[in-house]
């Protein structure tokens, strides 16, 4: 908390260089000695400018009253109140409620360098500049979609149409239907993967082993054919193949499709005696586990999951602190538990590494009960480790939730701002077209 000392105001403009300015209806008296601390600023130039040079004065202000010796500016008075602080305190703070981008324009008008901004305001300004860049990128993407019909060749038009159909659910009704179908296919594939493991729904093969029901395999094959067609069409219509290949979501899609064809290939190779059947079956079982990657495809169709991913990325520091706290606690409490339980003849703590498992399930409040202390000191140690684990897990929860809410609201604001920017551009272009037609 800092206070601003009041400057010593004078009764009249007795000294040379003192000026009176009117900023949006707010009249302020400024003293030449203070203004000359920044001689290259607009106000300093006004203070040193003589009333006999009206042409020079007109370039520095919007209007001038020679009788009252008052300079008029059609500017924001709230921003000006912050800017004049630089003449008294050599720094500027942007007050709450003032747009930082507009404030920078005000500083440029008054010819004040941005280096006088306080560090907190600079970080706030950088965040707003990043938001503007994101809005510009979103506007650029929208404009590219709108200009897709202006492609030169028929192949380019077909490629752009297919890209919209597969990647832009909001572009048309067919695109939305495809997105819904893809979403339902992911859910159906995940359900089939889970249900096919129920023994009552499995069938016995020639060797007497339980295998998936043919109906389940058929449904899975249909879903995989849909995923494959979707992936191939998106790859073929992608404007940038390199960017498509390096995208995390596309890598997840490939990892969800690949096990199906690898399993199919290994099965065919195994039946032709090119590999041992046992090894093929082991490889098939290992690759079937990779089918769980399909569930991550839901992130492509869920803005909430995408926001959660970005929130976790922004919270890596907090998650790192959580792991560090838990790691230290696990080491300390497992070593204490091993030492305290050695006096009991039926102790379950045979070694410190074995005690790590007990410390993990205790500090995370799971408590399987397979390992537990039997001495009084061991139980007290368990109680303390339990409480420390609850506190350590609860500490980073608030920053992670806050990052999630902030990022989600920010994305909504950016999307709305981008759409409004496009609408304004369309209105301006329409107005210019009408003016040309009238001429």
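Glycine too: its Cβ is placed from the backbone N, Cα and C atoms.
Heads up, TrEMBL stuff is auto-annotated, nobody curated it.
Sequence annotations record features per position, and here TrEMBL assigns domain 'Potassium channel tetramerisation-type BTB' to 19-120. According to DSSP, the secondary structure content of the domain 'Potassium channel tetramerisation-type BTB' (19-120) in residues is 43 helix, 19 strand, 40 coil.
For 176-411, the entry in TrEMBL reads domain 'Ion transport'.
Annotation comment: TrEMBL describes 173-198 (among others) as transmembrane segment.
According to TrEMBL, the feature transmembrane segment maps to 248-270 (among others).
Residues annotated as transmembrane segment in TrEMBL: 319-340 (among others). The list of residues near the transmembrane segment (319-340) in space but at least 6 beyond its ends in sequence, with Cβ under 8 angstroms from a Cβ of it, reads 312, 349, 351-352, 355-356, 358-360, 362-364, 373, 375, 377-378, 381-382, 384-385, 388-389, 392-393, 395-396, 400.
According to TrEMBL, the transmembrane segment annotation covers 352-371 (among others). Sequence-distant contacts of the transmembrane segment (352-371) (same chain, at least 6 residues past either end, Cβ-Cβ under 8 Å): 326, 329-331, 333-335, 337-338, 382, 385-386, 388-390, 392-393.
Long-range neighbours of the transmembrane segment (383-401) within the same chain, counting only residues 6 or more positions beyond its ends whose Cβ lies under 8 Å from a Cβ of the stretch, are 311-312, 315, 318-319, 321-322, 325-326, 329, 333, 337, 359, 362-365. Per TrEMBL, the feature transmembrane segment maps to 383-401 (among others).
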